[in-house]
Amino acid sequence: MESIKFYVDTNATKQINISELIQYVNLARHSALIGSYDSSQIYYNGLLHLIQRLIEAPQNFDKKLSMINLTKIYKMVLTEHEEIKLILRELKSFKTLNTPPERPIPKIEIFSHIDSNDNPKNDISNNNNNDIWPSPPTHLKPKEILKTSTHLRVNNTLRSPRDKSTPNTTLNNKSRLQRVPSAPNNNRQATNVQKNQETVKKFKSQAYSQELIDSLERDILQRNPNIKWNDIAGCEQAKKLLKEAVVLPMILPDFFKGIRRPYRGVLMTGPPGTGKTMLAKAVATECKTTFFNVCSSSLTSKYHGESEKLVRLLFDMARFYAPSTIFIDEIDSVCSKRGSSNEHEASRRVKSEFLVQIEGVSTGCDPSKMVIVLGATNFPWDLDEALKRRLEKRIYIPLPDLNSRFELLKLNLKDVDLDDDVDLNEIAQKLDGYSGADITMVCRDASMMAMRLKIEGLTIEQIQTMSKDDLNLPTKMNDFMHVLTRINPSVSKNDLQRYEQWMKEFGSC
């Protein structure tokens, strides 16, 4: 701002002195400099008003002040005053932005339901005796206030006067009120169950990429295998051992403590097709645990260091979804013997990580945090020594005996029409040395023999014209005998002797 020297005095009749004018103009500018814009605006308003009066009455100012100087001073003061007003407007706009809008306070008529005519003693205006105090008002709790106000609104709606010319409107409103019943408890419970099913916990971790997590959940994770003990024919000794090693610690956690702590892992070995995978799924279903069905291809990757990360992710997910069961089929392909000449470095790292993770699985007293490792192999002699120690329980799943073969025949043929000449006991005796998978194949081929004879020599068009009843013929005894001549056992006697020898050396059942 340009320096201006003048004096302000609200008394216009006094002779104006230039030296006194300087003192007051400095006050106006000093107030603006220290941020007191309101005081500065008052000074500037007084200066402008006084200069206008001096211009109109020139006899009141000093001889050293001329009319030209007063006009110049007036313009400069007016400019500074406009700047002060601009600053004040800006400050006011900031205050408006920072101040939140005031919400209107909801008006709740607490005592509107009390009629003064019903209780004349509480009316102070009608009571002229000052010595008699009125009864104190009733203080309602917040819940009672809301109930009372809601009740009043409904009553006011129903009691509101209606025009006689529109009686249907009242009926419609009443019918609307009656059409809003409260939700029944059964529907609410069903909704809660549906919400619980939808809100299944999902594993999330910053240490692994979401792609790896999704791949394991898609290929490995099974929440309910839905295989029960009755779905497995035979294997009674194996069922008994698995119940003792896996199922009972989940049911009786207080008993299995200390030296009776649960086993970290169970190894099932035996010929192929004897039901090792079915037994593992039955264990998961019986214990109501999350089932991880793992094979070697699910834990291998072409990227360096990715396979070890998959192994760690598998056990981290098992701990997250605990109680859980990790079933590793063909475990010999994952943890074969280390130290061979053709072993790759990456394979050795994966085996080491796998052994470390099995060592750290949870088998504590809390059944909700238990993680059980089940392994199945057809080549137990190829397993690493450290893995055999960690899989403390080693169970042999043999070929089915006579009773097991009979149960397998009944289980596989329960939906097949059999002829009267079919003798399942005789067929079971002829199936000695067959595995469970071999017996299933025999039943499948025998049930299709009648259909093969029926369509022999027919074209595709002729087969399409045939009905289901024409093809659904009963299976005869000759069909089983014919199939037995073509399907041989898949397990040799030498293999059986080798399994028995390994169990004598390393078995733990």
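Using N, Cα and C of the backbone, Cβ positions are placed for all residues, glycine too.
Given the structure is predicted, the values throughout are model-derived calculations rather than measurements.
Annotated features in TrEMBL:
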REGION    119-198  region 'Disordered'
COMPBIAS  122-133  compositional bias 'Low complexity'
COMPBIAS  147-159  compositional bias 'Polar residues'
COMPBIAS  166-175  compositional bias 'Polar residues'
COMPBIAS  183-197  compositional bias 'Polar residues'
DOMAIN    262-401  domain 'AAA+ ATPase'
BINDING   Gly270, Pro271, Pro272, Gly273, Thr274, Gly275, Lys276, Thr277  ATP binding site
DSSP-derived helix, strand and coil totals, residue by residue, for the domain 'AAA+ ATPase' (262-401): 61 helix, 29 strand, 50 coil
Segment confidence, the domain 'AAA+ ATPase' (262-401), expressed as mean pLDDT: 85
Number of Cβ atoms other than its own within 10 Å, given for Pro272 (ATP binding site): 15
Protein Cβ atoms within 10 Å of Gly270 (ATP binding site), excluding its own: 25
Cβ neighbour count within 10 Å of Gly275 (ATP binding site): 26
Spatial neighbours of Thr274 (ATP binding site) that are distant in sequence (at least 6 apart) but have CB under 8 A: Cys235, Ile397, Pro398, Leu399, Pro400, Ser435, Gly436, Ala437
Under 8 Å by Cβ from Lys276 (ATP binding site), same chain, sequence gap 6 or more: Met268, Thr269, Gly270, Asp329, Ala376, Ile397
Sequence-distant neighbours of Thr277 (ATP binding site) in its chain (C-beta under 8 A, six or more apart): Asn293, Phe327, Asp329, Ala376
Remaining residues near the recorded ATP site, that is with C-beta within 8 Å of the centroid of the site residues Gly270, Pro271, Pro272, Gly273, Thr274, Gly275, Lys276, Thr277: Ala376, Asn378, Ile397, Ser435, Gly436, Ala437
